[in-house]
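The structure under discussion appears below in the form of structure tokens.
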Amino acid sequence: MKSCGVSLASTTSFRDDGKKMAAGKESSECKDGSVSLTDEEKQLLGGLDSRLFGFIRLHEDGARTKTLLSKAVRYYESLILKAEGKVESDFFCQLGHFNLLLEDYPKALSAYQRYHNLQSDYWKNATFLYGLGLVYFYYNAFHWAIKAFQEVLYVDPSFCRAKEIHLRLGLMFKVNTDYESSLKHFRLALIDCNPCTLSSVEIQFHIAHLYETQQKYHFAKEAYEQLLQTENLPAQVKATVLQQLGWMHHNVDLLGDKATKESYAIQYLQKSLEADPNSGLSWYFLGRCYSSIGKVQDAFISYRQSIDKSEASADTWCSIGVLYQQQNQPMDALQAYICAVQLDHGHAAAWMDLGTLYESCNQPQDAIKCYLNATRGKNCSNTSSLAGRIKFLQHLEQLRANKDHLNPAQKLMLEQLESQFVLMQQVFHKGQSSHMSGSNDEQPPFSTGPAQYLQAASVGIQKQTGHRTLPSNLVTQGAALNHISSHIATSGGQQGINLTKESKPSGNRSLVPEISRHAGDTPNGCVIAKGLSNHVQQLIAEPVCSPNHGDCTSPDLLISDSPQISATVIGKVSEKTSNNHPPVHTKTDNSVTSSHSSMISTTTSSTKSTAQTVTHSVIGLNSPQNNVHKVNREELENLQSSTKTNLPIISLKSGPQIIPSMSVSIYSSSTEVLKACRNLGKNGLSNSRIFFEKCPPPRPPTSPYPPLPKDKLNPPTPSIYLENKRDAFFPPLHQFCTNPKNPVTVIRGLAGALKLDLGLFSTKTLVEANNEHVVEVRTQLLQPADENWDPTGTKKIWRCESNRSHTTIAKYAQYQASSFQESLREENEKRMQHKECSDNESTSSDFSGKRRKGPFKTIKFGTNIDLSDDKKWKLQLHELTKLPAFVRVVSAGNLLSHLGHTILGMNTVQLYMKVPGSRTPGHQENNNFCSVNINIGPGDCEWFVVPEDYWGVLNDFCEKNNLNFLMSSWWPNLEELYEANVPVYRFIQRPGDLVWINAGTVHWVQAVGWCNNIAWNVGPLTACQYKLAVERYEWNKLQNVKSLVPMVHLSWNMARNIKVSDPRLFEMIKYCLLKILKQCQTLREALIAAGKEIIWHGRTNDEPAHYCNICEVEVFDLLFVTNESNSQKTYIVHCQDCARKTSGNLDNFVVLEQYKMEDLIQVYEQFTLAPSISSSSS
């Protein structure tokens, strides 16, 4: 696809031609006031679209460029107005591009939405999708921006702004805490030699910070230090890297003992300040370090410098208050805390510190008010302990108020509470007063997000809509500022701080809404980095709307006048259940402003009380913005008024960005196919998908309609009971299992009917056979099967985390046995307790409640144990040949048997060793293949199954919970599924039962007892299985996820090896062959035309299919291999697109050919529809 014909050079010629246009300006303005364009202007405008966004500096290049674009907008709008909207859709697309380049986002969005509604195949237009993605990104509508950008890369992998897309996807996934996806996109951006908004060192910084955010501190430290070795490292990047290293040494225990860590932290921060003396955040961090080692005077000086260098920060004032409190200066501490809560009324740590201060002054009523405000704060991480403290104080106050009317028992209680109050006051006060000092016991938190160079004080003061009551004896904010200003001077030993007007809290400024992540995301957060280039700025954000489409209304968005990314979280975007891109509605208001941001700055949350809060920031890719306004909803839709049908359609010739299609049928001969490929050039290389060309990019299915009634949401599980071997080999059993109407089938009594020796897979036999065999271990929390709680047991969640490690079969067997023995001991103890307790039901109920509220017991699950080696596991694998052909690991009717190579766990057997509570989280099988699972015993397993039709609903739930449906670990909330009318099959798998999971079925499993399971995948030779496998192959490509099953490679092997009589299956395979044959021929001709030599390489027996080393898409036939790896015979394979991004002219690559074109043609022509058995017999 030749969609990226616009080069940066064209922008230069565009500027030069601007002078010529000025001369003809008067002639283009008609006497009646209407606007017209000259031929020269039309020609210049023809090369302008969304691809130039960020590369035309309207403010730097003068007014002529902007004048022409503004004129073009007026011209197009006048044409649309005269035609009453009856114009070709391309008018709206081009109008969207022009408004985007002018940074008029409301009008750009309106025009793009109109084009989207008028153009049924809008998805073929990569520049439209890119422009729409940029607008959504600007509005922080990340769910929709991600979707638009992914579709660009899907329809045109070689899109010239692919690097910019990968960068923005990396930033958005970082905000969404999908760190693996973020890292992948940052790496894809890093290898691309094309220009983009950020420099390579800035992208490397983001990668380093991702490691830090994931608590991979050694990787982060290594990456930061490697960055410092870069030649000519920009001063701002250097300052921020040093700032990160300093703060990381202050917080992370793994980096050494406290004295060593603090010494390094101070050194790094001092070097950071040498590179950027005006960083208020570095001064703040330095103050925290000095405070933690008791250098109070140096800490005060650093805090004073922080306030001098940046706007007032609640974090800084809170830290100052802690210092005063430690120095036994309660009035000064009071004033500092007041400043903190005035700057950020939701600053939980400051409210808690203020509460402890009031307690120390014996003012419990004021303390209660402060604690209540703390619990309402956005960063409060210990709400439960605060609630207990509040309840205690309220009880104490109640008894004090009625002191004269208390009976002796109540007076005794009051005395006990008073003494307890004094004791708790000392303990609680001690803990609170140390939390900001950075003690080594509990590390202070720091906001995470793209180490987003975020200056905590640069965004003004938040105005809350609700009123929170301060204790009546608090002094005014202005007095507090003046009071603290003078005292810092005395404490610091230097002159007082001159607070500028900008640094003082003001009543008419409002803080950009800041969204925080909660405890489960990154428990020990990281510093946020912001702004990575001259036109980069802060974006504190999270997806502005819950991605489950249904719970969003149509709130307003605040729109920033910035060319690329808004610096604010600006509301929510209306998201509907349809797959179409939603409109964004906005209103007019000038009440919010955002500050200029430096190239790189960082921030941290203030105290221990917010230790598990994560503030997410995205690097801004825009120039600094000054104005934020709201636009009325009617303004956005003023171009979408209804049109009259009797008006002529105004035509606009479409640009070259539309993907070309080829009208070649699967019934065409190979000669016709190759003839159609000739002279296509780069146009034929637009994409490698094997879907039909008229189909849009793959999308999750919507929930089936009409919805099932509530009494149908727990359907009975299809089950077959076998009595003998004949039953197992009865043909209708195969047909029943593969019927798409049956998402799951339980075959009961299979082992007994076939006389399978399941003892071969028992733990005892496995240890005797191969005791040192590797076992992957997943450390999990023991929870009820139908629930999933966060680690504290306070709320139900979807995220199902587990830590990975490795052991041996022998060691896991010991753990399995000891777990069983421990359970026996617990049962005996429980029986003894039951004998002593008269109310057994009450005891049982209490125990059940404790299970739900945690803390939960830790268990270990032995998973993914490879049994593929037929020498090590000969007896076990031979026993499985007793199974019916359709469930065997290897059979002629199993598609996976035709791959020609091994995919561990799919066409080989895997073993699972379990203790009660071991979980296999929710998933569909790789590429939607069927699966077979046999319970070895002795315990049971509980299964939860959802039909394939509903996977889109579960995908929406995952997005709502910031989870990746394909890659994350998740455990569905059954209550939410039932509310969404999702049916769930639920059943017990007993020893000897075989569970058949049909193609695409979603399922999750938990062990009830101690047991082993064996499992593998199979691919029935059906149209349904092939269709679902190809759909998932394409969905994986859209989501940048590797497909374990190489469907192109498999399809050619199927054509070689299998006679297909099903017309639907034949047509799908034949079409896949057609598409790949066309792509191979077109690419081959393009390489020859470019003078690139193609070297014959061939294939060896059992050689696996090849994947791109960068983007992990399947690479078929023509392999792009780096020169170095080719000479070393290591063959690091790239796809064509990644090879060209790395080396534009492919000088660093050799092209290896694995199939002769004649061989592929022969396979294609010989693959014909075989007669069905019924027709041949008749």
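Cβ coordinates come from backbone N, Cα and C, glycine included.
Annotated features, as they stand in TrEMBL:
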- 126-159: repeat 'TPR' (REPEAT)
- 314-347: repeat 'TPR' (REPEAT)
- 575-611: region 'Disordered' (REGION)
- 593-611: compositional bias 'Low complexity' (COMPBIAS)
- 694-713: region 'Disordered' (REGION)
- 695-708: compositional bias 'Pro residues' (COMPBIAS)
- 825-838: compositional bias 'Basic and acidic residues' (COMPBIAS)
- 825-851: region 'Disordered' (REGION)
- 872-1035: domain 'JmjC' (DOMAIN)
Using DSSP, tally how many residues of the compositional bias 'Pro residues' (695-708) sit in helix, strand and coil.
0 helix, 0 strand, 14 coil
Need one number: mean pLDDT over the repeat 'TPR' (314-347).
90
DSSP helix, strand and coil counts for the repeat 'TPR' (126-159)?
27 helix, 0 strand, 7 coil
Within the repeat 'TPR' (314-347), count helix residues (DSSP H, G, I), strand residues (E, B) and coil residues, in that order.
27 helix, 0 strand, 7 coil
